[in-house]
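One structure is given below, encoded as structure tokens.
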Amino acid sequence: MPTELQTELAEAVEARRNFAIISHPDAGKTTLTEKLLLYGGAIHEAGAVKARRAQRHATSDWMEMEQQRGISITSTVLQFAYQHCQINLLDTPGHQDFSEDTYRTLAAADNAVMLVDAAKGLEPQTRKLFEVCKLRSLPIFTFINKLDRPGREPLELLDEIEQELGLQTYAVNWPIGMGDRFQGVFDRRSRKIHLFQRSDHGKREAIDTQIDLGDPQIESLLDQELYFQLKDELELIEELGSPLDLEQVHNGQMTPIFFGSAMTNFGVELFLEAFLDYALKPGAYESTQGTIEPTYEDFSGFVFKLQANMDPKHRDRVAFIRVCSGKFEKDMTVSHARTGKTIRLSRPQKLFAQGRNSLEEAYPGDIIGLNNPGVFAIGDTIFKGKKLAYEGIPCFSPELFAYLKNPNPSKFKQFQKGVSELREEGAVQIMYSEDEIKRDPILAAVGQLQFEVVQFRLQNEYGVETRLELLPYSVARWVKGGWSALESVGRIFNAITVKDSWGRPVLLFKNEWNLHQVHGDHPDLELSAIAPLAVDQNMVS
């Protein structure tokens, strides 16, 4: 007989859906995010990314630099209710230089929505992020966007997804025309045609006119050529396509496909309704104590993101926690796995981009914001009851390196604070020279834009101007076995040794050729392209 709390947890899990959106830049991710919020009633009017001077800034792009450039460069958490469900939407950076932030966000997601531009198909960043989803066996839902513009043939797009990503596809709806001739979609769930009408530039919910495929009026409403093309293509996909298999969807082997136009809102609600039915509910996580089910009564969760200065007026630091099990309650006391400290979780917050509301309780699948007084690191576990720690979150190997210089000694404290807080939140990796005399931090990034963001934020949020001194390295490898393993092999040529933020040795190479030379010279030296972002918590017993 389940306890009262277990019943409460089971009901809460049943009513929760959690997903991250992945895409290549400019596929329309921020627009789709806003339109989902529009249908969820979380906002009443969508602020399109284009023509920002005339319209409101997009809700999910809250950082000043994002609003200036019109791109997403940090993950955002947006929570809203739709029908019977509580939805946690994890918006991720679209820019490829911020794939590491996206990777961390995917660790907290139960499902992924892959957004594809109908004109361009699969693009490099989408492929890269798909590989991350595949590693975690995340269910992937595909939204093929921009049907109101000229694009590639739908069958061609499905074939590309199947061939390049190795996924089976199931078209939940099917487009009627494209570009100027786009007239709507046929929904295979309801067996109805949904007619396309542009609505107020997409600011408000689309007007949804539905009609049966066999309705006599259809000949006067649809282009005859497109009507017969639709019938032929439906016959083709229903005869030759795979049937919908939710077990395969949940294992990440089949992707349900949706067609629509986020900018005009068309197809967004059809997607949202089907997603609630098909998506994976919050599930179990592996820990040092084995598999932890969401209905396990003791509260636990992990930190997947830190953000400084979400409200620059208050110089705050927020830790984003994915609730994995049990019920979170305001002012509860928990244990911090890495340090063993006991922490009281006061002032928890429900997050909505930059806005936050106080929170009384949360359940598995929810994302909560906690004030971070310098205690939390990315990958940290918090728990009640029996000791446990979840697997750490690994990080990407950086490819660009530069000394960060502070030319103004009077700003030393602000400089140190800014670098420390940006390092904590994972905006960039920070390394240090082995030589104690060289005290300038080394920025280590996946892409150039990360450097620009760090410099911009140091100036904008901490009042510190900085300059960069680029270093001629492009490959980083962590030394397995730490300093003792490194000392045992003696001097290493064609590499320099630096320390990461946790004091662990990292070798920097100018190119892959130098890395191969070191492998040849020191075959017993084990190197790794990835390292956990936090100190190993698997020591917790």
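Note that Cβ sites are derived from N, Cα and C of the backbone, with glycine treated the same way.
Per Swiss-Prot, the features are as follows:
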type    : residues              : note
BINDING : 23-30, 91-95, 145-148 : GTP binding site
DOMAIN  : 14-283                : domain 'tr-type G'
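Note on THR92 (GTP binding site): other Cβ atoms within 10 Å of its Cβ, all shown chains, come to 27. Under the DSSP three-state reduction, LYS29 (GTP binding site) is assigned to helix.
Ranking the binding-site residues SER23, ASP26, LYS29, LEU147 by how many other Cβ atoms lie within 10 angstroms of each Cβ puts ASP26 at the bottom. A mean pLDDT of 82 is what the model gives for the domain 'tr-type G' (14-283).
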